[in-house]
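**Q** Structure provided below as structure tokens; questions to follow.
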Amino acid sequence: MPGNVVSPKVLMDLIPKLKISMQETDKNEVIKNSEQHSSVSWDPDTCENLYITLEEQIESKDTLAREQALKALLLTLDATNKRVEPYLVRLLPRVLKQVGLEKVAAVRTQASTVAEDIIKTMNPYAVKTILSHVTNSIKTSGKWMEKMCAFRLLDMLVEKAPCQMSYRLPELIPILSESMWDTRTDIKNQARKTMTSVCTLISNPDIDKFIPVLIDCIAQPEKVPETIHTLGATTFVQEVHASTLSIMVPLLYRGLNERETTIKRKSAVIIDNMCKLVEDPYIIAPFLPKLIPTLEHIKETIGDPECRSVVNRSLATLIRVGNVKEGKIPEVLNIAKPENCMETLLSILKGQELVPVSDVYLNYISCIASQLIDEKNNEVVDWDVNISPYLQPIILKADINCIIDQFRKRSISGFHSSSAESEEEEGEDLCNCEFSLAYGAKILLNRTSLNLKRGYRYGLCGPNGSGKSTLLRSIFNGQLEGFPTELKTAYVEHDIDDTESKTSVFDFIANDPSVVVKNKQEVISSLLEHSFTEDMLSIPISNLSGGWKMKLALVRAMLRQVDILLLDEPTNHLDVKNVAWLENFLTSQTHITSIIVSHDSKFLDNVVQAIIHYEHFKLKKYMGNMSKFITLVPSARSYQDISMSEIEFSFPEPGYLEGVKTKQRAICRMRDIEFQYEGTSEPQIKNVSLQVSLSSRIAVIGPNGAGKSTLIKVLCGELIPQKGEVWCHPNLRIAYVAQAAFVHLGSHENKTPSEYIQWRYRTAEDSETIDRASRQLTENDEHLMNKIFKINGTSRKIQGIHSRRKLKNSYEYECSFLVGENVGEKNERWVPLPSMNNEWLPRGELIESHSKMVAEVDMKEALKSGSFRPLVRKEIEKHCESFGLDAEIVTHSRIKGLSGGQKVKLVLAAGSWLKPHVIVLDEPTNYLDRDSLGALSKALKSFEGGVVIITHSVEFTKNLTEEVWSVQNGQMTPSGHNWVQGQGTGPRLQEQEEEDTFDALGNKIEAKKKAKKLTSSELRKKKKERMARRKKGEEVFSDEDD
């Protein structure tokens, strides 16, 4: 930039002299001798005239005139003189044109210097008006030197105005991408360098390391598939801005148009994960016209259903984030357009006493304001500093600060909602922090804030998998960014760690270093005060029921001196009495803050003072209890009424049971059952009789420790009663989901749900049932199996039972034998007989001595009657989809990464794989969110088989169950039952047509249809037809119709 800056009046006089003064010394002498040097003010009218003159001179056909005009223009450049900037920008396209057209190197160099100095003097917030000229040269100029100069100007702008330029990337990157394919090598190389420079403005740590690869993909599209694979393993946790989308969307668009389905799918997954982190619909709006039609085309044409579901999910995310309504993509925000700012400015200046000024000047001010609006900058200081220098020369009397403030408020108002600030609670702040939270490759919360007050009770609500438990664990483990480390917390989750299962109840409390009471008597008193009996203090925790385990964990948390109680599903397993006890404790605490995760809406209604709700990766606080929250957020009405759930589950059809003609007929029966655990003083259940049919809808209720779970385990064969009889239909299939549902998944956490189901049913039977007590041989069983049968005059013992067939109203079984030699003597021995000597024995003869072997054969026949399902990925995904688990979770996520609710859904799906006739659920409401509870309730209601449920949730069972088994002190009292002998009444069940069957690899087995036997009249008709054909001389065979 020159050292001497000359006023407009002086320059107007100097320009004719500069035309004939070729030497620099002559030029300086003219300037030096001018009496008016720097004495005339830069008023807008003089500036306007000066730059009109310079514009004419620059476009003159006279080379000398152009050079002198450029020299004169260089003299006007002054970074401190803001009022000349609008006119300099107006001349920039002409200056750039001279770089490309001028054949005289001196003039070309002069033009290039002027262009660069214009960039140096510009206000950084004026990038919009500058860029329009620079990018126009790149797009339209046919002169390569002009383009090269434009690229250099972009590099300078990146250094001068990095923040402002980052907002312009969506416009810049497509232009630079096109230039990277220019036929001229110089342009191509410079475009790549400028692209690399521009991309340094992308501030997103998630993709920083991939930017060089993303630039490579623009120049080398063959690298797109590999880059998509690499990005597919990236965890997106940072908020996504327009600059990030500007470099990612071109790659993803190409990925969606690749031929390989896997690349299309991964591109859709990345779009879904990344766009969830876009907070403003206007950020994503410019990219929607490219992405949405492409995804819709893939959805309509792709053959892979799993890929289609991923594409659907991505589409749903784009529609939600982009605020697309009725298929109409919203227009890009126009509030920040310079012409709109100009209109606002003119309306404010109307009626003011102004110096006459051109639209060029006002447009420059509008472009600065437009950039401030783009950045959502509402700071008074920034508006004053960047607008005031340009308004001051043209406003004569009015208060400039007042005008600028009015301009700011009216311009920025479109970004701010008129709604009132959300209500805040009063009191001492425990924490007020901002953080992001992720689990594995999944973003849970993005730059959200958490404010907690002392003594308040907060309900933490959100759907399964949103990250509620992860947030509580992160707080407890001190892993939450910005959370005060000095705060003491206690975390109570769904179950006590297995490592402490052998610890006694007393030691569990006394050995905890965080517990305040250390005196033995104080520990005992505290436990007795909370309803534990003296007998319970010495028993191991593993002997406690689920409800008492939860209560023990809660008592320990209460006895710690903590600031915050973190309760994860605290009402799980608790009966009504203990839920009331917990409510009373929590509401009585004025010093302890509680954060509670629970799907029990009544409990939350009675306890919490505010709801913290997961909404689009943010935590939003609503003051009041659950009922008030529902009124504020009507979309969450399923929290209060599970029947309002909009999602659906479905259980598979159970299939036909041989001999069962109506749904009232008993398919499972218990008579005078008694069971007692080893080491206990009295039976857990006694004198229990019951029966279950296909129409059963049974709720098992009772206080904690009454024996409900024990009763169910005996019914399902998990436990063997010491007295009484348990009978089940030979072909009966029961799905049992235990109270501690996660026990099914314990050793499979590194498998995907699909792999777990494949493992569980790899032999066609349920591997989880192999270790059931009803299938284990005891010493007594082995003694009974030594029974000797007299067959065909020989003494025989049964070696194995292999198959079964119908025998009147029962069955008979094919048995292989050992034949006895010298039976009863010292040298007695038993020799296996060949299979040709197998015999069929009736069920009645075998059941007393070989009941468990008979049961094994019955179970295999039951599996056959259920029809084998292909144990392949697509079938498993389809089955799990019926329980709210999408293919992404089933096939591509490990079990250890699933939430509690998702694990329960998986256990339900896995348990029902064999199409059970009876579903037995022990506390199914634990961990499931409200929508899932509603879906499960409706699915059980429409299920064609029997249902037995243990639950303390009256809300869940009130419209579902008709029969109640009330368990108190080991005694069961049934009510509402309709037990019948024989078939009973009601519609007759018909055996359904056989479904398609498959082998283990999923190949369909074509069943051969049995030839239909012809009637005597049909045989006579066939015979006549043959004789008629023989008369005609045709060759006919009598057996051709057989």
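Just so it is clear, glycine is given a Cβ too, placed from its N, Cα and C backbone atoms.
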**Q** Per Swiss-Prot, which of HIS729, HIS892, HIS952 sits in the ADP site along with ASN704, GLU923, ASN926?
**A** HIS952
**Q** Go through the chain and flag residues at least 6 beyond the ends of the repeat 'HEAT 6' (289-327) whose CB is under 8 A from any CB in it; none is fine as an answer.
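**A** Distant contacts of the repeat 'HEAT 6' (289-327): 249, 252-253, 256-257, 261, 264-265, 268-269, 271-272, 275-276, 278, 281, 874, 877, 886-888, 891.
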**Q** Sequence-remote contacts (6 or more beyond its ends) of the repeat 'HEAT 5' (243-280), Cβ cut-off under 8 Å?
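**A** Answer is 166-167, 169-170, 172-174, 177, 199, 201-204, 206-207, 211, 214, 217-218, 221, 224-225, 227-229, 231-232, 234, 236-237, 287, 290-291, 294-295, 298, 302-304, 306-307, 310-311, 313-314, 317-318, 321, 441-443, 446, 616-617, 888.
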**Q** Please indicate, using numbers and ranges, the residues of the same chain that are 6 or more beyond the repeat 'HEAT 4' (206-242) and have a C-beta under 8 Å from a C-beta there.
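**A** Beyond its ends, the repeat 'HEAT 4' (206-242) has Cβ neighbours at 166-167, 169-170, 177, 180-181, 192, 195-196, 199, 248, 250-252, 254-255, 258, 260, 263, 266-267, 269-270, 273-279, 283, 286, 436, 438, 440-443, 446-447.
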**Q** State the non-local partners of the repeat 'HEAT 2' (86-124) in its own chain: residues 6+ outside its ends, Cβ under 8 Å from one of its Cβ atoms.
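**A** For the repeat 'HEAT 2' (86-124), the far contacts come to 1, 47-48, 50-51, 54-55, 58-59, 63, 66-67, 70-71, 73-74, 76-79, 130, 133-134, 136-137, 141-147, 149-150, 152-153, 156-157, 160-161, 163-164, 360-361, 363-365, 368, 386, 390.
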**Q** When the pLDDT values for the repeat 'HEAT 5' (243-280) are averaged, what is the result?
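**A** Value for the repeat 'HEAT 5' (243-280), mean pLDDT as a whole number: 89.
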